[in-house]
Amino acid sequence: MTKPIILTGDRPTGKLHIGHYVGSLCNRVLLQNEGKHELFVFLADQQALTDHAKDPQTIVESIGNVTLDYLAAGLDPEKVTIFIQSQIPELSELSMYYMNLVSLGRLERNPTVKAEISQKGFGESIPTGFLVYPISQAADITAFKANYVPVGNDQKPMIEQTREIVRSFNHTYSTDVLVEPEGIYPENEAAGRLPGLDGNAKMSKSLNNGIYLADDADTLRKKVMSMYTDPNHIRVEDPGQIEGNMVFHYLDVFGRPEEAAEIAEMKEHYQRGGLGDVKTKRYLLEILERELGPIRERRLEFAKDMGEVYRILQEGSERAREVASQTLSEVKSAMGINYFK
Ligand code: TRP
């Protein structure tokens, strides 16, 4: 029996932070260890280039960094195919055929792409490659005949677009080569998105409010000690607020079930007054260090041999390419353009 296929990817635009870890990496490692699925995880460097064309260095550097983050978090290249998008030319070729099945108007209506266009300030100069990235994402997904795609809620329009392309392709060419994928989304927004140290809804590099898997112990300590709590909790005796207090938010996310009672007690104490921020932060630091310390150690270990890291990527890319080229061949046959077969 063949296992259902799961595929997911990240744009390599910087090191991964602990929001990525709780939001997706952890789950990938669980899925990997369950062993019930075939897993593909990849670095979407071509997609990252659609808005970094003039700054490829950031993307290039991030390939190594994100792969180190993957390995440190526990992804095992023996169990998961880890690959780089740009090394699979079949994906670009598939995109060419899919582009003919999608109207410009359909692309312009994609709400995530729309939001990104205004955030990035493209104005009237939207790079064509950027506008069509949902089509290339459909190629990523369908090349591997993925059944499930675990992604954030912002990726729903991409999955919907992919499903439309699959239906359109299969219908147009009277075939069933392409598989309609299903998205797997975080159960709630809180689980899917960890806020920043400053309380901003999003942890991101540009806001400089993140904790990275690569951060050393001292950096972690400084960041925790600077976290946003309750600005009105001035003296220890003052009653404090839990809502919007990042220390308690992170405790809820990173505390273990056996710590829940202790955390609940701390919350009451804090609200009553008499519990200082330094104490709550020290407690959080202990918990974070326990969770992140081993990841940091593994990351340092892998980083000693970047040659090996790139070998992992190369082998993964070779394996991925075999799968994608089989699908491409089926696609071309369905269209009748496999002339020399
Ligand atoms: N768009 C995704 C993101 O920004 C990255 C991505 C590219 C992806 N291709 C994919 C995710 C295919 C899942 C499947 O996070």
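Note that Cβ sites are derived from N, Cα and C of the backbone, with glycine treated the same way.
Between the stretches 202-206, 267-271, 272-276, 277-281, TrEMBL puts its motif ''KMSKS' region' entry on 202-206. TrEMBL assigns the feature motif ''HIGH' region' to residues 12-20, out of the candidate ranges 12-20, 174-182, 192-200, 291-299.
Local packing around the Cβ, expressed as the count of other Cβ atoms within 10 angstroms, is greatest for His20 among the binding-site residues His20, Lys205. Across the residues annotated as binding ATP (Arg11, Pro12, Thr13, Gly19, His20, Gly152, Asn153, Asp154, Leu194, Lys202, Met203, Ser204, Lys205, Ser206), the two Cα atoms farthest apart lie 21 Å from each other. For ligand 1, no neighbouring binding-site residues occur among His20, Leu194, Lys205, by Cβ distance under 6 Å. Long-range Cβ contacts of the motif ''KMSKS' region' (202-206) within its own chain (Cβ-Cβ under 8 Å, at least 6 residues beyond either end) map to 13-14, 17-19, 193-196. Annotated pair Arg11 (ATP binding site) and Asp140 (L-tryptophan binding site), C-alpha to C-alpha distance, rounded: 13 Å. According to DSSP, His20 (ATP binding site) is assigned to a helical segment.
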